Amino acid sequence: EGFSSAKCFLSLYRFQACVYFASVFQAMSCGIHYLASVFMAVTPNFVCGFPGNVSSVLFHNSSASSIEDIWTLWTSTENYIVVQLENGEIWELDQCSRSKREVTLDLAYEYKGNKSVFPCSDGFLYDDTKWKSTVVTQWDLVCDREWLAKLIQPTFMLGVLIGAVIFGDIADRLGRQRVIWFTSAGQFVFGIAVAFTFDYYSFVIVRFLLAMVSSGYLVVAFVYVTEFVGIKARTWASMHVHAFFAMGIMIVALVGFLVRTWWVYQIFLSIATLPFVLCCWMLPETPFWLLSEERYEDAQKVIDTMARWNKVSTPCKVSELCSVQQDDLASGRTGDDDTSSAKKHNILDLFCNWQIARRTITVWLIWFTGSLGYYVFSLSSVSLGGNEYLNLFLIGAVELPCYIIACVAMDKLGRRNTLIPFLILSALICVLIMFIPQDFNILIVLANMAGKFSIGVAFGLIYLYTAELYPTIVRSLAVGSGSMMCRVGSVVAPFCVYLRSVWIFMPLLLVGIMALLSGILTIMLPETLGKPLTNTLVEATEMGKNKKSCSEKTPPAHSGAASEKIEMFGQERVSTDK
């Protein structure tokens, strides 16, 4: 059934398929900018600079005429380099300090005499064998300024959080089309602008704006493609937006391997999706939003265009949709007089009783854990040993099959029965990695790929599962609050990765504990596969208490007929063109 849905999407919706692939193509740029810092903010090996010209360099038992020849021997941050200047002075160069020897008669690595310690007032010398330039080497973000480098990714993720909130609201007010135009252009403009920033603070500010528009595009693109794609393929279409995000991660690895100067690297990443920026103005507004704004003529134009592309001879009329909606509203008023009074719902409704409160806490924890694990595995992939570019490429590539598995499993086994084993599996993999010897690089990379795969399945599935767990009156609120917890997880993830300096397995331990706890709590959630969406909090509560009574409920008739009408003409088979 799952594979037939994907085939249906490609064969039945010509117009929707074009709109879908055009929209999700730009999602690659979101994956690009989210993970760009893994190479752009690399801290290479470095030592203090020295005042003068060097005549000889000594590192343990090896000597050279320049420091560049020593970097291949560098093994630890605790090492130091001894240099003799042309004026006869001998200096010991550490990473964050330098010492001038008082006795300069003999050039030797070990020295027991008196030394004068000086700060690194002459800057730093960096190993440029891998990267010619990074933002760390550009602005000396090391030693007492190291914390500035560690803020680069968290501030970006903070922009992601704020952008999702702002542009999600703007898309409801001004339309999906305008936000897609603005955020697409914004990603290109701010992406290029990052490469030409003149100092660290302007760099962080422009990256923050880039994060906002990137997040805004990703959030609105989900809504946009969902409103265009038919019911049968909606799960596959929404899930595989993540796949294009993963392709963006793979592009980061490829460009990072080919370009080793950070600002050139940033420019190449930003122009990767330029074709979409040039043609995104051709994307139409969704008929659903136009109808909600009572712009019936514009909605009819879009519907007619869809009908022509899909070879439908008798497209539906907006007047028919309006009459259907009015009938739905009338039947809703007569059938539900007790609920006709408008009530504004807030976040407290997600804790209205113990059943719903426990469900909300569990769902929030899954959102947080999924995001935390996703970015911990992604960001730490470049520190696994071996080829860091290949590591990141594989970490992105492993997501492509994981979403296919998620779509098939959630339709065959159920949402909960898919989520539980993959959460627990990711926890077990985190523990397994701790017992793999550090010199088994290939095995470590494969285990991290397995961890990313399992957490990716859970992360992709929770979007749909959350929507099905809550009733109509608070469904958007539930998904929105869960998404907010997801953003919090993405902000925390970089700090979690930095804990490798405390203990190399600390990030994995934290992710493993969270995944195990989430998996255990998920056991108490109800299964939603094959069950109708609930309308009220009472129905949602009963779904958790009594599975039989919940499964016997019939889906509500309200507000669905108009949507079905719009999608019907997009689902007509075009057999003559196959």
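Using N, Cα and C of the backbone, Cβ positions are placed for all residues, glycine too.
Just so you know, TrEMBL annotations never went through curation; they're auto-generated.
Positions annotated as transmembrane segment by TrEMBL: 12-36 (among others).
If you look up TrEMBL, you'll see 72-530 marked as domain 'Major facilitator superfamily (MFS) profile'.
As annotated by TrEMBL, transmembrane segment applies to 147-167 (among others). Sequence-distant contacts of the transmembrane segment (147-167), counting only residues of its own chain at least 6 positions beyond either end whose CB sits under 8 Å from a CB of the stretch, comprise 33-34, 37, 41, 43, 135-136, 139, 141, 179, 183, 200, 204, 207-220, 375, 379, 483-484, 487-488, 490-491, 493-495, 498.
Taking Cβ pairs closer than 8 Å, the transmembrane segment (179-198) reaches residues 23, 26, 29-30, 33, 167, 170-171, 206-207, 209-210, 212-214, 216-217, 220-221, 224, 263-264, 266-267, 269-271, 273-274, 276-277, 280-281, 283 in its own chain, all 6 or more past its ends. Residues or ranges marked as transmembrane segment in TrEMBL: 179-198 (among others).
Per TrEMBL, transmembrane segment is recorded for 204-225 (among others).
As annotated by TrEMBL, transmembrane segment applies to 237-257 (among others).
Here TrEMBL flags 263-283 (among others) as transmembrane segment.
Beyond the ends of the transmembrane segment (361-377), by six or more residues, the same chain brings 157, 395, 419, 423, 426, 448, 451-452, 455-456, 458-459, 462, 465-466, 469, 478, 481-483, 485-490, 492-494, 496-497, 507-508, 510-511, 514-515, 517-518, 521-522, 524-525 to within a C-beta distance below 8 angstroms of the stretch. According to TrEMBL, the feature transmembrane segment maps to 361-377 (among others).
The annotation transmembrane segment is assigned in TrEMBL to 389-410 (among others).
Residues 366, 369, 373, 406, 409-410, 443-444, 447-448, 450-451, 454-455, 457-458, 461-462, 465, 505, 508-509, 511-513, 515-516, 518-520, 522-523, 527 of the same chain sit 6 or more residues outside the transmembrane segment (417-436) yet have a Cβ under 8 Å from a Cβ within it. TrEMBL lists 417-436 (among others) with the feature transmembrane segment.
The feature transmembrane segment is assigned by TrEMBL to 442-465 (among others).
A Cβ distance under 8 Å defines the sequence-distant neighbours of the transmembrane segment (477-497), meaning residues of its chain 6+ beyond its ends; these are 150, 153-154, 157-158, 160-161, 164-165, 168, 215, 219, 345-347, 349-350, 360, 363-365, 367-372, 374-376, 379-380, 462-463, 466-467, 469-470, 506-507, 510-511. The transmembrane segment feature in TrEMBL is assigned to 477-497 (among others).
The annotation transmembrane segment is assigned in TrEMBL to 503-525 (among others).
Annotated region 'Disordered' per TrEMBL: 544-578, in sequence order.
Of the Cβ pairs linking the transmembrane segment (442-465) with the transmembrane segment (12-36) and spaced 6 or more residues apart, fewer than 3 are under 8 Å, so the two regions do not touch. Sequence-distant contacts of the transmembrane segment (12-36) (same chain, six or more residues past either end, CB-CB distance under 8 Å): 156, 160, 180, 184, 187, 191, 210-211, 214-215, 217-218, 221, 224-225, 228-230, 232-233, 237, 240-241, 244-249, 251-252, 265-266, 269-270, 272-273, 275-277, 279-280, 283-284, 305-306, 309-311, 378-379, 392, 396, 570-574, 577.
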